[in-house]
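Asks: Please see the structure below; I have some questions.
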Amino acid sequence: MDLKKTLLMPKTSFAMQANLSTSEKNFHDFWKDKKVFQKLKKQNKGKQIKILHDGPPYANGSIHVGHALNKILKDFILRSWLYEGYDVVFIPGWDCHGLPIEHAVSKKNPSSYSNLSTVEKRKLCHQFALSQIAVQKEQFQRLGLLNDFQNCYYTIDESFQFKELELFLQAIKKGLIFQDLKPTYWSPISRTSLAEAEIEYKEVNSIALYLTFKVSKSDFLDENANLLVWTTTPWTLPTNQAIAIHPDFDYLLFEYNQQKFVILEKLFEVFTNKLNWTNAIKLKKFKGSNLKNSSYSHCFYNKVLPVLMGIHVVDNEGTGIVHSSPAFGIDDFYLCQKNKIKEVLISIDEKGVFNNLLNDKELENCFYLKANDLIINRLKQNNSFIFSEVISHREPHDWRSKTPVIYRASKQLFIKTKSIKKQLKKQINQVNFLNSKNQLRLKEMLLQRDEWCISRQRVWGLPIPIVYANNKPLLDFSTIQYTIKQLKKHGIDSWFEKDVTCFLKPDKTKKWVKYHKEIDTLDVWFDSGSSYNVLEINKYGSIADLYIEGSDQYRGWFNSSSNCGIIQNDLIPFKSLVSHGFTLDENGNKMSKSLGNIVDPLKICDQYGADILRLWVANTDWQIDNKIGVNILKQVAEQYRRIRNSLLRFILGNINGFNFTSMDDYKFSLEDKIVIHKTNSLVEQIEKFLEKYNFLGCLKVINKFVLWLSSWYFEIIKDTLYCDAKNNPNRLAKQAVLNYIFTQLISFLNIFIPHTAEDAWKNYSFNKKPISVNLFTKPTVFKVANSKNLENIYKTFTSIKNAAFKEIEKLRKEGLISKNNQIELTVGINKKIPKKLKDNLALWLNVNSVNLTNNENEIKVKKTKKTMCERCWNFQTIIKQKLDHNLCSRCFKVC
């Protein structure tokens with residue numbers, strides 16, 4: 001007789017090797033063919049709605065690992081809401097306007113692009129954006145996201161754009177829009193103004209220059225005194241229009257080499273030590289206010305200019321005397337305006353090149369940074385140069401082109417965010433944050449800005465619906481309302497095709513007035529900031545339950561969305577807000593092409609599988625920056641194999657063909673009840689973690705549970721599962737417990753590794769199951785009686801087990817035993833233990849027998865002399881012969 005054939009060994013088609021890179025695509029096809037997402041929406045219709053609003057990624061290029069982190073986190077949240085029984089709303093979106101798309105299109109045909117009309121350029125940009133969206137859609141779906149990507153929003157949708165224009169109209173109604181000539185961030189490479197949200201700071205090396213301006217007139221200083229000035233922008237010196245001195249700081253007049261100089265007293269030692277002016281003589285100390293109404297001569301033009309009192313002057317760097325060029329510095333601009341210096345010398349054009357404003361032939365057509373050397377040489381020629389050095393400091397850069405930006409005065413359109421600060425502050429206090437520090441962070445970002453520059457000098461964007469009469473913007477509500485009405489009638493691109501009169505009320509047009517349309521387009525942050533309107537378009541209101549994006553969005557999307565929401569609806573458009581960190585390489589470095597350390601999420605999916613990438617996300621403390629790389633992914637893959645094989649494959653193999661009825665129909669043993677209780681406790685823990693989006697906490701307790709199950713319960717029930725009669729009540733009860741564990745955990749695993757969960761569900765032999773695990777609703781919890789007593793029993797068992805296994809391990813190392821079931825164990829215990837535990841100790845310890853004594857701490861281990869059953873390999877006293885095989889009484893009956 002072949003004894004192996006009499007055993008009930010595990011059988012399942014759920015493979016040990018996942019082959020995720022291949023199998024995952026099959027499940028995508030399955031979900032699509034079976035319309036699983038549509039069935040899920042239908043199944044949840046009528047339930048309480050919960051909305052996660054998607055911050056739109058930019059429609060250009062392939063997705064990167066940061067995109068993957070973002071979308072996978074959102075998918076975790078959506079799936080956890082579905083588990084809790086909500087009707088979940090998530091509409092994927094794309095940000096489609098802006099410079100990168102315009103650049104990408106122009107690069108394709110650089111010679112012909114410049115000859116195209118505005119509308120032709122816009123059509124090419126529109127087509128390009130849609131092509132990029134198609135690519136990214138497919139890539140996002142590779143991540144196993146629970147969405148069919150059929151109902152999406154694009155910021156170039158007409159419905160979206162007209163909602164955005166309604167927001168603009170509301171800003172007009174509230175008197176928040178104004179035009180002004182003032183310095184804003186300007187990108188010479190992109191040739192457009194930028195908002196603060198589009199700026200990032202980089203550490204760079206720059207020239208720091210010390211120079212002098214000679215006093216021309218002063219009631220306090222001699223005319224031959226030199227004002228020491230420090231600047232890191234020598235190229236702005238030609239447009240110097242004033243010098244700023246802090247009225248309350250202490251300044252010093254000192255003499256060196258028969259020349260007199262003025263500097264901030266606090267910085268005197270630093271300056272003289274730097275130049276080794278050891279013989280400098282201090283002459284007198286005075287307050288900056290003493291130089292009020294003084295004047296000086298320009299460093300190389302024949303001009304006499306004023307010394308102004310400026311409280312923006314700092315005392316921790318430079319000289320405490322600041323050169324002011326109102327065209328290229330915001331503090332300079334406001335200081336000069338306050339002192340009635342209205343002229344703004346904009347000597348740099350939109351490309352960053354000197355124009356002919358200064359009538360300085362040497363500077364004309366010179367790029368601003370290249371002008372530094374020329375200007376320093378001039379200063380040397382007229383003895384105004386003191387010293388220059390290269391310093392490392394932070395300078396603003398365009399966050400898209402990664403190139404330096406400058407402050408440059410130009411006529412722009414602004415929103416008076418100062419007027420809505422009170423509402424913003426009140427509303428932010430009502431938003432839920434996982435971390436209170438982030439609430440403070442957003443509040444600071446919102447309240448530090450008084451205005452928002454919303455105009456961009458680009459073709460590819462939503463046109464600003466303003467008409468000018470004799471170069472003055474018509475900002476009255478009725479005019480703008482009519483203009484938008486005409487755009488709705490003729491289409492957005494009609495703005496670039498039709499005559500200006502089309503957008504003016506006939507009774508408002510006057511023959512003697514010259515009209516023209518605004519040629520700038522709206523800031524892309526105004527686009528994405530108004531994206532909450534998508535919810536209203538889809539009849540879900542205008543407030544989402546949750547916004548979640550990267551931590552850089554406090555100055556970006558979180559900021560613009562808050563401002564737009566207050567302007568349009570007097571409400572911030574989210575109830576809760578959380579942010580995630582950035583992805584770094586394995587060594588903690590920022591990823592970049594130049595370093596060659598970019599981790600491609602699509603390559604991870606092809607090599608390891610999307611479920612491994614998703615499991616990596618679940619294993620991160622995602623609110624901070626996290627590392628990813630080959631070694632980290634290998635660790636994640638090992639964890640995955642444990643879940644797949646030690647948990648899912650073991651269960652599926654042992655419940656194959658099991659006809660489960662109701663949990664009440666089975667008589668559970670003590671160990672069964674403990675496992676059911678532990679499973680219920682695990683479910684409670686996971687649900688609490690999910691409420692806080694603590695996915696790492698979920699994975700930790702799941703892994704701990706799997707290790708516990710596989711090392712104890714699964715080990716001690718193998719004998720029953722494999723060797724008992726198929727319909728033995730005890731065996732059926734064990735199968736019911738395994739089935740219970742599977743049904744309780746599969747929904748949680750579907751949150752994190754949906755392809756694997758679907759694979760397991762496909763191999764789950766229960767004929768009343770839904771077609772997909774995604775349609776499986778939250779299962780009922782089966783409560784076991786006296787759960788506290790079960791905990792105490794297991795706690796007592798654990799203390800016995802830990803002590804006994806130390807001795808057992810000694811015998812194993814000495815080679816005296818190979819299996820625990822060969823052991824006869826004597827354990828001394830000084831306290832009463834429940835009879836139920838006594839009766840189960842041998843089984844739970846997986847040993848042959850246990851003898852309890854009263855001798856505290858006594859532990860004896862010896863090898864049994866009993867005979868081994870050839871079928872179950874257990875050692876028994878009574879052994880029966882059957883067809884030349886030694887069998888225990890149980891195996892004798894089964895065979």
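Backbone N, Cα and C atoms are what each Cβ position is placed from, and that goes for glycine too.
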Asks: Of 57-67, 431-441, 497-507, 816-826, which range does Swiss-Prot call motif ''HIGH' region'?
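Replies: Within the set 57-67, 431-441, 497-507, 816-826, Swiss-Prot attaches motif ''HIGH' region' to 57-67.
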Asks: Could you tell me which of the ranges 590-594, 785-789, 795-799 is annotated in Swiss-Prot as motif ''KMSKS' region'?
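Replies: It is 590-594 that Swiss-Prot annotates as motif ''KMSKS' region'.
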Asks: Looking at the binding-site residues Lys593, Cys869, Cys891, which has the shortest Cα distance to Glu549 (L-isoleucyl-5'-AMP binding site)?
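Replies: Answer for the nearest of the binding-site residues: Lys593.
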Asks: Apart from its near flanks, which chain residues at least 6 from the ends of the motif ''HIGH' region' (57-67) lie with a Cβ under 8 angstroms of it?
Replies: 94-96, 98, 100-101, 104, 129-130, 132-133, 135-136, 139-140, 154, 550, 582-583, 591, 598-602, 604, 628
Asks: What's the number of neighbouring CB atoms sitting within 10 A of the CB on Cys869 (Zn(2+) binding site)?
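Replies: Here the count is 22.
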Asks: Setting Cys869, Cys872, Cys888, Cys891 aside, what same-chain residues sit with their Cβ within 8 Å of the center of the Cβ atoms that define the Zn(2+) site, listed in sequence order?
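Replies: The answer, listed by sequence position, is Cys723, Glu870, Arg871, Trp873, Asn874, Gln876, Leu887, Ser889, Arg890, Phe892.
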Asks: Would you mind pulling the DSSP three-state label for Lys593 (ATP binding site)?
Replies: coil
Asks: Cα-Cα separation of Lys593 (ATP binding site) and Cys872 (Zn(2+) binding site), in Å?
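Replies: Computed Cα spacing between Lys593 (ATP binding site) and Cys872 (Zn(2+) binding site) is 60 Å.
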Asks: Which whole number is the mean pLDDT over the motif ''KMSKS' region' (590-594)?
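Replies: 83, rounded to a whole number.
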Asks: Per DSSP, what is the helix/strand/coil residue tally across the motif ''HIGH' region' (57-67)?
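Replies: Per-class counts: 3 helix, 1 strand, 7 coil.
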